[in-house]
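Here's the structure we're looking at; comments come further down.
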Amino acid sequence: MTISSTEQEAKKVNVVVDRNPVSTSFEKWGQPGHFSRTLAKGPKTTTWIWNLHADAHDFDSHTSSLEDISRKIFSAHFGQLSIIFLWISGMHFHGARFSNYSAWLSNPTTVKPSAQVVWPIVGQEILNGDVGGGFQGVQVTSGFFQIWRAEGITSEVELYWCAVAGLLMSGLMIFAGWFHYHKAAPKLEWFQNAESMLNHHLSGLLGLGCLSWAGHQIHVGLPINKLLDAGVAPQEIPLPHEFLMNRDLMAQLYPSFNKGLIPFFSLNWSEYSDFLTFKGGLNPVTGGLWLSDTAHHHLALAVLFIVAGHMYRTNWGIGHSMKEILEAHKGPFTGEGHKGLYEILITSWHSQLAINLAMMGSLSIIVAHHMYAMPAYPFIATDYPTQLSIFTHHMWIGGFCICGAAAHAGIFMVRDYNPAQNYNNLLDRVIRHRDAIISHLNWICIFLGFHSFGLYIHNDTMRALGRTQDMFSDTAIQLKPVFAQWVQNIHTIAPGNTTPNALATASYAFGGDVISVGNKVAMMPISLGTADFMVHHIHAFTIHVTVLILLKGVLFSRNSRLIPDKANLGFRFPCDGPGRGGTCQSSAWDSVFLGLFWMYNCISVVIFHFSWKMQSDVWGTVQNDGTVTHITGGNFAQSSITINGWLRDFLWAEASQVIQSYGSALSAYGLIFLGAHFIWAFSLMFLFSGRGYWQELIESIVWAHNKLHFAPAIQPRALSITQGRAVGLAHYLLGGIGTTWAFFLARIISVG
């Protein structure tokens, strides 16, 4: 049923709830598998425990009521928030109880951040290294110290208060999750009111969120950081509430505070330019962005988002209607355009989740790149272990979110997509063009793979033959990234025209000066050459292959020439039944499974490239005469142009710290390096095995048990094909990420 414009204006926001819809029953929750009739009967075979884990959070399988599913998801979100608050509370508690935060705050260039002390059990206190400031502990690389400094936290007592607040919020969230499922559960129409949700999320979460951060920075963060930058001891700085209550105190640091709100209401906003700045570049004392620039930035964002949160039509009959916008969105070659998408988005939470995961994943990757190019917090740029850790962290998070987007897009296509409601709209047209899309993607993957890898093979061969003049390199056959160099140059000279009042470029990665703090490079121009051109094409290759696998899984998730009735088989199925050989591993789930391996390949190349490039061309020490000595002495340009160079000069050379870490404070990384290799190798046992082999093995073991009259009541079963692949994938990724983590940190803590 379509709703006309006049009817839509009458779609009022009505907060409607059902009172006491579900009783609170610990007895019910105590029964494993209570959400499924089959599982509730208890285990007959060992498959039961696997199905219990697989289906516990698959709310679609518990009920067909969209309202009940929506309530469960809503309630689960509060549980997630509770865990996040508990984690944040724990981080602040560690900072308050087990850290050298005060020592670091007084001397952030030589004291290393530590907020973890290992108990002395059988010699484990060796892990507590001397991090400076008379403190023995484990060096941490989360960036929390730098965030606390930017917030204006000057003592451990304040961290205790933050920890207590986190605990209280955690408890409140658990209560809210229970309350909104068991006591006052929203009706389906509340969940489906897209306009109201957009208004509240844009204005409330993003708008007021930015405004509160800007307000905190202006009233607390800026004055405290200004005093810290000037060398005032933390214990002598007034407490945050004194800056809030005492305008004279603020006016000593920022004179415009004397004028109060008069410049605001008289539109004379430039009066506030002493604390809302547009300087550009980095603060030379801290090596981080100017906090007055970031306060200005968040204030501007707050205005934009609060305005954006008034754009959608709810009770007042003015503003946009999402349905109208989507249905009007069509061009001469796009058929019905976005008709039908509104109905999809308010009835399929998998479709919403897929879009949100793709967006958040991409955003996380963008954040990873901004955090080194424009370091946001004081002294984070010269803390190389933290810089490497947060880059790697945001890259992995982005990769996982994007793969999750493909997973939920596949689930949407199988469970929620209705072909009858999507005739000739853009989604239908993409599905009908899928052969062209996938075959083109396949062609570009082959092209990129052969050409990018081929450049390396050529270079390896030429170097082995001693024909260095025939190699692709900056000193022989040049393949300069001319477009990237042009972009860098534009960004270096643009601020002079676009922002004439800015003091410096947006990021020194594009060009400009070397910014050093405590004789360490915080940021400097990143020169690009043949080596970067080559590895960027490897990035293009691995990204396109990942997209090919994931997109193929989504577009062919309902049917294919091989299996026309895929939609009936579900999101994950091992094969198309007996007697149809060659149909295994073709479900949408299997595409996500394969896509995750390529995501791992892809992100690994990115973080290896970043780690080596920064050590070679950016990070290092600055002598008094201004000369820069890089950690690996600029070897990236000549070594990374061969496969052998990556193996010998990056992986092998930089693994020496983790391999030789035994007997030092870094020895845990040596053990993790070893253990994670084992976890990775263990995964291969699941990935390369046949199910029948294990089933036969189990049956002979059961025979032996029967012979001795202690056969188990629950019948043992081999893992299904899908379960085995899931276990293999989990250990492959866990082992790979653990290995990389230990390799990176042992290296960079030693040399950084």
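Cβ atoms are placed via backbone N, Cα and C, with glycine included.
In this view, Cys575 ([4Fe-4S] cluster binding site) is surrounded by 17 other Cβ atoms within 10 Å of its Cβ, with every protein chain counted. Annotation comment: Swiss-Prot describes Cys575, Cys584 as [4Fe-4S] cluster binding site.
Residues or ranges marked as chlorophyll a' binding site in Swiss-Prot: His677. Just so you know, the Cβ of His677 (chlorophyll a' binding site) picks up 15 other Cβ atoms within 10 Å once every protein chain is counted.
Sequence-distant neighbours of Tyr693 (chlorophyll a binding site): no residue of the same chain at least 6 apart has a C-beta under 8 Å from its C-beta. Residues or ranges marked as chlorophyll a binding site by Swiss-Prot on the basis of sequence analysis: Met685, Tyr693.
According to its DSSP assignment, Trp694 (phylloquinone binding site) is helical. Feature annotation from Swiss-Prot assigns phylloquinone binding site to Trp694; the stated evidence is sequence analysis.
Positions annotated as transmembrane segment by Swiss-Prot, on the basis of sequence analysis: 73-96 (among others).
For 159-182 (among others), the entry in Swiss-Prot reads transmembrane segment.
Within the chain, the transmembrane segment (198-222) has long-range Cβ neighbours (under 8 A, six or more residues past its boundaries) at 150-152, 240, 243-244, 250, 253-254, 275-276, 291-292, 294-295, 298-299, 301-302, 304-306, 308-312, 314, 322. The transmembrane segment annotation in Swiss-Prot covers 198-222 (among others) and is backed by sequence analysis.
According to Swiss-Prot, the transmembrane segment annotation covers 294-312 (among others).
Under the heading transmembrane segment, Swiss-Prot lists 349-372 (among others).
Summarising the annotation, Swiss-Prot assigns transmembrane segment to 388-414 (among others). Sequence-distant neighbours of the transmembrane segment (388-414) (same chain, 6+ residues past either end, Cβ-Cβ under 8 Å): 141-143, 344, 348, 350-351, 353-358, 360-365, 367-369, 371-372, 546, 550-551, 553-554, 557-558, 566-567, 570-571, 588-589, 591-592, 595-596, 599-600, 602-603, 606-607, 610-611, 614, 737, 740-741, 744-745, 748, 752.
Annotation comment: Swiss-Prot describes 436-458 (among others) as transmembrane segment. Taking Cβ pairs closer than 8 Å, the transmembrane segment (436-458) reaches residues 430, 471-472, 479, 534, 537-538, 540-541, 544-545, 547-548, 551-552, 555-556, 641-643 in its own chain, all 6 or more past its ends.
Outside the transmembrane segment (533-551), and at least 6 residues removed from its termini, the chain residues within Cβ reach (under 8 Å) are 402-403, 405-406, 437-438, 441-442, 444-445, 448-449, 451-453, 455-456, 472, 479-481, 484, 591-592, 594-595, 598-599, 601-602, 605-606, 609, 640-641. Summarising the annotation, Swiss-Prot assigns transmembrane segment to 533-551 (among others).
Per Swiss-Prot, the feature transmembrane segment maps to 591-612 (among others).
Swiss-Prot lists 666-688 (among others) with the feature transmembrane segment, giving sequence analysis as the kind of evidence.
According to Swiss-Prot, the transmembrane segment annotation covers 726-746 (among others).
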- Message: When you rank Cys575, Cys584, His677, Met685 by Cα distance to Trp694 (phylloquinone binding site), which of the binding-site residues ends up on top as the closest?
- Response: Met685
- Message: Between the Cα atoms of Cys584 ([4Fe-4S] cluster binding site) and Met685 (chlorophyll a binding site), what distance do you get, rounded to the nearest Å?
- Response: 19
- Query: What parts of the chain pack near the transmembrane segment (726-746), using Cβ distances under 8 Å and only residues at least 6 beyond its ends?
  - Reply: 141, 385, 388-389, 392, 396, 593, 596-597, 600, 604, 607, 611, 654-655, 657-658, 661, 666, 669-670, 672-673, 675-687, 719
- Task: Find, among the binding-site residues listed as Cys584, Met685, Trp694, the one whose Cβ has the highest number of other Cβ atoms within 10 Å in the structure shown.
- Result: Trp694
- Just the number: how many Å between the Cα atoms of Cys575 ([4Fe-4S] cluster binding site) and Met685 (chlorophyll a binding site)? 21
- Item | Secondary-structure category, per DSSP, in which Cys575 ([4Fe-4S] cluster binding site) falls | coil
